[in-house]
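J.: After the structure tokens below, expect a handful of questions from me.
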Amino acid sequence: MASSSSSSWPRFLFPNPNSFITALDVVILLTGVYLAYNEFSGMGLQYSKFAVAGLHERNEQKSKQKKKEKVFQFKSKTGMLLFYAPADCIAILFLAYSLSCYIVAGQLPMFLHALTELPGIATSHLKQYCTSDFDYRLLAVAAAFSIHFSKRVLEVLFLHRFSGTTGGWDTFKISMIYAILVGSLLCTQVLSFSLPGTSSPTIDLKGLGVSLFLLGICGNFYHHYLLSSLREDGNNKNKYVVPHGGLFKLLVCPHYLFEIIDFIGMATISQTILGFCCTFFVVVYLTGRTSQTKKWYAKKVEGFPQDRKILIPKVY
């Protein structure tokens, strides 16, 4: 493993372990820009409040073509579960793996050292965990992703109230995007520890990352709770009203702002280039989504305040 003192400049990130991960960085960045462009252009993914308009447009197109088949779609609750469940399962598997490495390394060091004599990349990674410089980073990243997506699954099951549908193809795309982002980032984290020639960052940002993650996930949950409470009144069960409370007085979608902070926290814990590419993806996509949400509220919801900003209070 390369020495951390090989450069006089402080290093904040792990180097990419191979060229495939570098290519994946570029793919994620370009995909984020593409999806954000679609959102700003009004051609975004069809779920939540945007699913209804998109569904009507598709049905009209099919009517013109004299086709009788229905547009493939899910009920909103089912679609949202499919968004998050695969990524959650991947994160939990990595969490179980990192926990097992930690427990075995702490409780059975002699047995672990014997295992590391076996050939293979898996045992090479295992060997990193029985050294004295094990810093719990993979454990922390996997735990953060597990908490993030488990929270989303539980919110879908017990908190959110749904009244519409979600496009089937868009459900598949979103589910795959989340699963690929989580799986690739956690695999990159593993490779950053296990492959020769890589070295840890000279500045440890895990503490800062955990703080940002907790701020983001708590703020996101609080504003999701506020949104859900708007539909507790039977008169509002199947319609949208002007959100209020918390940062809703300043922003269109403060829950998106806190989700961005959440992802920045996870990337900061990870300290990988891919982690920050994934965060860039989330930032540009949610910015475009929020821009369209503001236009939708202004058009569909009576009395919506036009002075609410998109992402940053009193700025943008």
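Quick reminder: no glycine exception, Cβ is built from N, Cα and C everywhere.
Automatic, uncurated: that is what TrEMBL annotation is.
According to TrEMBL, the protein carries these features:
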| type | residues | note |
| --- | --- | --- |
| TRANSMEM | 20-37 | transmembrane segment |
| TRANSMEM | 81-105 | transmembrane segment |
| TRANSMEM | 175-195 | transmembrane segment |
| DOMAIN | 178-316 | domain '3-oxo-5-alpha-steroid 4-dehydrogenase C-terminal' |
| TRANSMEM | 207-228 | transmembrane segment |
| TRANSMEM | 263-286 | transmembrane segment |
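Relative to the rest of the structure, where do these features sit?
T.: Long-range contacts of the transmembrane segment (81-105) within the same chain: residues 47, 74, 111-112, 126, 129-130, 134, 136, 138-139, 142-143, 145-146, 148-150, 152-153, 156-157, 171-172, 174-176, 178-179, 181-183, 186, 190, each at least 6 residues beyond the stretch ends and with a Cβ under 8 Å from a Cβ of the stretch.
Listed as Cβ neighbours of the transmembrane segment (263-286) (distance under 8 Å, sequence separation of 6 or more from its ends, same chain) are residues 12-16, 21-22, 24-25, 28-29, 31-33, 35-36, 39, 137, 140-141, 144-145, 148, 181, 184-185, 188-189, 192, 201, 205-206, 208-216, 253, 256, 311.
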